[in-house]
């Protein structure tokens, strides 16, 4: 057993001290979920048409009439191209979304018209339906028609910031420590979150949101590392999985605040205030014992261990000198072993079997992220109440992580991953064939797909760790995380395809999820197998011939794995990036 991991046997894998640190750190992950999904309502595009040149006295839309546009918004759809209005001076105008036409010949005030018209541009002047969204960045800066692409670009640029932030702050945390990064990113989350609400134009908005994405991603990555280094291996699966549950709570908060606050800049301020409580306690969070030992700060480590044992009510004390004993290995020998493990990404494709495994694992990371954000971002396009849909999309994640934890330990990793992807693909296929008038069933199927994809998204981290040997495990997880981020950048563009066909995003995710689910059936089951240390052992996973041979090296493999978990593997990036 790793000398560092031994400290959890001394003061408990999840005692009172760890619980306090864990829940304090995870609380801030809620803010990350908030900022990741805030654009659902920040960049919401309400119903709109061109402004009429004059005061409107009558409105006609198909068979519906009224005295103002507010009277017909609930009936408006893209199937009919314009709204007919009559102004105070008797002119009749056909108001479309991106142009307006004046009827030049006298005619009765009827919707169908075959006479002469003169078409004019909107000249950047639009009327918006304010029944659901009183003000968004779209209505603030008229990001419609020829500027529509700017509104659609806001979420992909945020996700690009997520990618860069994870790379930057993950490395910084290894250099300066976890605690300073948690404090810095939390402060920046609050500061830039508030600044976003006061941006004066679209481009400034995108830049500040990009920086906000970087610090939010940085916090989430380091938080995952932080809680992993404070909890023992007996509870590590649950504690790491439920960092993502806090992220899901953030999604639910977005839906709730979006329902209560319909003005985008007030909405942004309210969401950003969720970070404020953590700022009062983050300065009290300690550095992790793993990092302190790795940097040779033995006195600080001893002070921390004394505090932990006192808070946890442990009578005996844990000495740093005991932890530094490495079961016969010298620190120099360890460092030499570590140097030998620094391989390249090409080593994941060293054989035909490992190449196939790596491609499949990468595809699971990709579809996990793509499906997660397509279901989350696209939930508002399913019909019904968009706020309830997004709330359910977050709420359905909470039981999915509990199910994943139990299923992984009882059914196995592959036997949980493959059915979850196949279920998600099946749910997407059923959404497409459901009649339009059964909107509730569409929402239920969408939530089922989100539930299933969240299970796959949650377990792929641990499964990846078990599929690769110690010498490339961190590299495998890191490369998978990059595929995950690519999926998160692609997801908003996929959601925008709903303008072509409402269920096209679900069709794409469904086909990919089902195909990748079938591919995962070819992966070996790792439940109950000793963790591997060499490529030969990893390639032999699932082979009955080699199980006896692996039992001989099982103890050695477990020991090396404990060392790796303690000193290296926790640097892996977070899934929700």
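Quick reminder: no glycine exception, Cβ is built from N, Cα and C everywhere.
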Transmembrane segment according to TrEMBL, located in which of 504-523, 524-543, 544-563: 504-523
Among ranges 81-100, 101-120, 121-140, 181-200, whichever one TrEMBL labels transmembrane segment: 181-200
Contact check, the transmembrane segment (206-227) vs the transmembrane segment (149-169), 3+ Cβ pairs under 8 Å, seq sep 6+: yes
Long-range neighbours of the transmembrane segment (149-169), counting only residues six or more past its ends (CB under 8 A): 36, 39, 42-43, 45, 137-138, 141, 143, 181, 185, 202, 205-206, 209-222, 377, 481, 485, 488-489, 491-493, 496, 573-574, 577
Intrachain neighbours beyond the transmembrane segment (504-523), with Cβ under 8 angstroms and 6 or more residues off its ends: 356-357, 360-361, 363-364, 367, 370-371, 374-375, 378, 414, 417-422, 424-429, 431-432, 446, 449, 453, 467, 494-495, 497-498
Reported mean pLDDT - the domain 'Major facilitator superfamily (MFS) profile' (109-527): 85
Surrounding residues of the transmembrane segment (20-38) on its own chain - C-beta under 8 Å, 6+ positions past either end: 14, 158, 162, 182, 186, 189, 193, 212-213, 216-217, 219-220, 223, 226-227, 230-231, 239, 242-243, 246-251, 253-254, 267-268, 271-272, 274-275, 277-278, 281-282, 285-286, 311, 376-377, 390, 394, 576
